[in-house]
Amino acid sequence: MGWMALADQVAEIEQEFIVTNQLGFHARVAAQIVKTASRFRSDIWLIKDETTVNGKSILDVLSLQCPKGATVKVLTRGEDAEDALKAVAELFQNKFGES
Amino acid sequence: MDPRSRTLKGFGVSPGIAIGKAFLVDARHIPIPFYTLSTDEQVARECARFEEAVTEVERDLETIKQSIHPDLKEQVHILEAHQLILRDRLLYDQTLDLIRRERLNALWALKRSLNKITEIFQSMEDEYVRNRVTDVSSVGERIMNRLAGRKANAFDEIRERVIIVAQDISPADAAQIQLEKTLGFITDMGGRTSHTSIMAGALGIPAIVGAEQATRTIRTGDLLILDGSSGTVVVNPTEEQIGDYYELQDALETYLKEISRKAHLPACTLDGHKINVEANIELLEEVVAAKDHGAEAVGLYRTEFSYMNRRLPPTEEDLYNEYRELAELMAPLPVTMRTLDLGAEKMGRWHPGIEQQNPALGLRAIRLCLHHVDLFKVQLRAILRASAATRNIRLMFPLISGVGELQRSKAILEEVKSELRREGRDFDDKMSVGVMIEVPSAVAVADMLAEEADFFSIGTNDLIQYTLAIDRVNEHVAHLFDPLHPAVLRLIRQVVSTAHKAGIPVTVCGEMAGEPLYVPMLLGLELDSLSMNPQAIPRVKNLLRRAQLSDCRRFVAEALTMRTAAEIREALQDMVLRVFPEEFKFFDPEALQPKYRSSEPYV
């Protein structure tokens with residue numbers, strides 16, 4: 001395996017999202033993020049202001065203060081980083097299933 | 001009178017009246033033994049015991065999830081969150097780690113982990129996040145109960161219909177409660193966004209939260225009256241009180257049903273005067289709530305949301321798509337778009353925030369837009385383009401302080417229109433353009449503004465702030481923020497009569513419009529429409545229908561001769577008591593107090 005392939009494997013990508021559902025990151029939303037994140041092998045981090053939390057820990061996610069309107073950066077790192085980010089992006093786009 | 005009779009106050013979060021016996025949920029603390037483990041064998045056994053307890057709780061939660069009441073479907077997600085918390089590293093791994101490394105017994109180790117998690121959450125400013133501590137402690141308590149060998153379901157003992165009194169009710173608890181036996185809920189803890197509130201609201205069961213002394217004052221078997229509208233609990237009431245509340249219960253149920261049934265009908269006063277009742281919204285999704293509650297227009301669409309917390313300002317396409325969807329969702333009913341009402345300090349990352357010592361008097365709203373014309377033009381283009389298909393958009397400029405600003409804003413609007421024409425893009429050329437009246441100087445020159453505007457919309461929040469020089473967020477002066485100050489009423493009166501002379505309509509879109517008890521005042525001041533948060537619409541419409549315009553006009557004429565807000569308030573209370581006696585019967589007359597009392601607990 002060449003170094004290029006290796007570099008591909010540890011892909012690290014990030015994207016910013018705005019929390020648009022009424023109540024922000026509450027328990028149900030956090031649960032969805034964690035459940036989705038846990039499906040992937042990549043590390044998934046949520047970053048807001050100076051705080052970085054593990055996207056696979058519900059208490060971590062809940063501890064990130066994300067009211068409606070907050071901007072959250074999602075960073076995924078690992079072999080399936082792209083799919084992981086896509087899956088998390090979908091949650092944000094669907095407003096976590098809230099109207 | 002029963003010497004044990006007493007009254008408690010909390011936050012009424014689900015209206016309705018319940019009368020019945022109390023059932024106090026066992027809130028005994030589980031004693032935590034403090035001892036360390038001496039052998040590796042003991043450590044292994046204690047770890048296994050903890051793992052087993054967690055597995056059992058996991059199973060319990062799964063069982064609860066399967067058997068959940070269909071109206072509580074939303075709670076399934078919360079139970080799922082609880083299952084995740086159960087296995088979260090901060091709780092699960094950390095507890096096992098404490099047992100192994102520090103040789104603590106399982107209960108002690110768990111307690112330590114819980115305390116640490118609670119600390120993290122307690123340090124947060126956000127009320128909603130702070131409330132999540134209850135999720136963690138509810139999960140923790142379940143494991144503790146298992147470790148201590150206690151029964152999993154405290155509600156099994158309920159044999160008759162009761163009012164449940166608890167420190168707090170977790171969603172898992174809620175799922176175990178037999179709802180057919182539940183008359184109401186009272187909890188010590190919680191605010192308006194706690195699970196208990198949301199759940200009780202969804203089920204339509206009367207509930208009071210944050211009644212701090214409840215579990216200490218109330219014993220199982222005490223007779224209770226729970227008034228979920230006013231947040232009052234009467235413990236061991238007199239026969240007379242019971243009789244009164246039974247009557248009230250009956251009447252309130254009929255009343256609330258009738259109000260929401262009629263929310264879709266227009267609001268005409270007894271003497272045939274129609275007032276438009278409109279909604280203030282800031283998100284596209286809120287259109288549904290606005291329509292459901294009977295809004296006849298969007299009286300105020302706050303456009304700031306798309307601009308906040310962004311790296312770059314929104315593009316014309318972003319805004320166009322948002323506005324067009326909004327217009328389509330509401331069509332044929334009108335949508336009033338307020339152009340960007342942002343302070344320079346809140347412009348987000350795409351523009352370095354300007355430090356302003358006094359933002360309320362600084363570069364904000366229309367001033368900011370006239371300062372950043374490019375930004376303003378993008379929004380105006382998006383609004384104009386969105387108006388093409390449905391032709392139901394109205395435009396209004398915030399914080400106009402004089403004719404010059406209005407002329408400048410309208411000139412930019414015309415420039416944008418010519419640009420669009422040149423590009424061959426369609427828009428509603430007859431779109432009405434209104435002015436928000438929020439600055440006292442705008443009132444002074446209202447006649448001149450009226451010549452160049454299609455409508456006025458009074459933003460009472462800012463108008464009161466600027467007129468009385470009160471920052472209502474400042475706790476030292478907040479109590480002086482009073483919509484009934486004679487100066488405020490005079491200004492509103494002046495705006496309305498000037499506008500009507502010029503033949504243009506006036507709306508009030510501040511919070512004052514959504515307070516049902518101000519209805520006679522605003523009606524008598526001859527406002528053409530009231531715009532408010534969607535939830536307030538059914539009650540306001542109902543009151544409008546029960547009022548008589550001529551009566552309110554007389555009342556206002558008299559109120560305007562009074563010298564103090566206190567005097568006016570008293571007269572208004574009398575008036576409301578006379579015209580809408582049912583409102584005083586069901587809802588707290590305290591609501592007529594200035595809203596921002598410094599003593600008011602914020603939940």
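Each residue, glycine too, has its Cβ placed from N, Cα and C.
Listed in TrEMBL:
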type	residues	note
DOMAIN	B:9-132	domain 'Phosphotransferase system enzyme I N-terminal'
ACT_SITE	B:H195	active site, tele-phosphohistidine intermediate
DOMAIN	B:260-548	domain 'PEP-utilising enzyme C-terminal'
BINDING	B:R302, B:R338, B:N461, B:D462, B:R472	phosphoenolpyruvate binding site
BINDING	B:E438, B:D462	Mg(2+) binding site
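Over all protein chains present, the Cβ of B:R472 (phosphoenolpyruvate binding site) has 18 other Cβ atoms lying within 10 Å. Among the binding-site residues B:R338, B:D462, the residue whose Cβ has the fewest other Cβ atoms within 10 Å is B:D462.
For B:N461 (phosphoenolpyruvate binding site), other Cβ atoms within 10 Å of its Cβ number 16. Confidence annotation: the domain 'Phosphotransferase system enzyme I N-terminal' (B:9-132) carries a mean pLDDT of 85 in the model.
In three-state terms derived from DSSP, B:R302 (phosphoenolpyruvate binding site) belongs to an extended strand segment.
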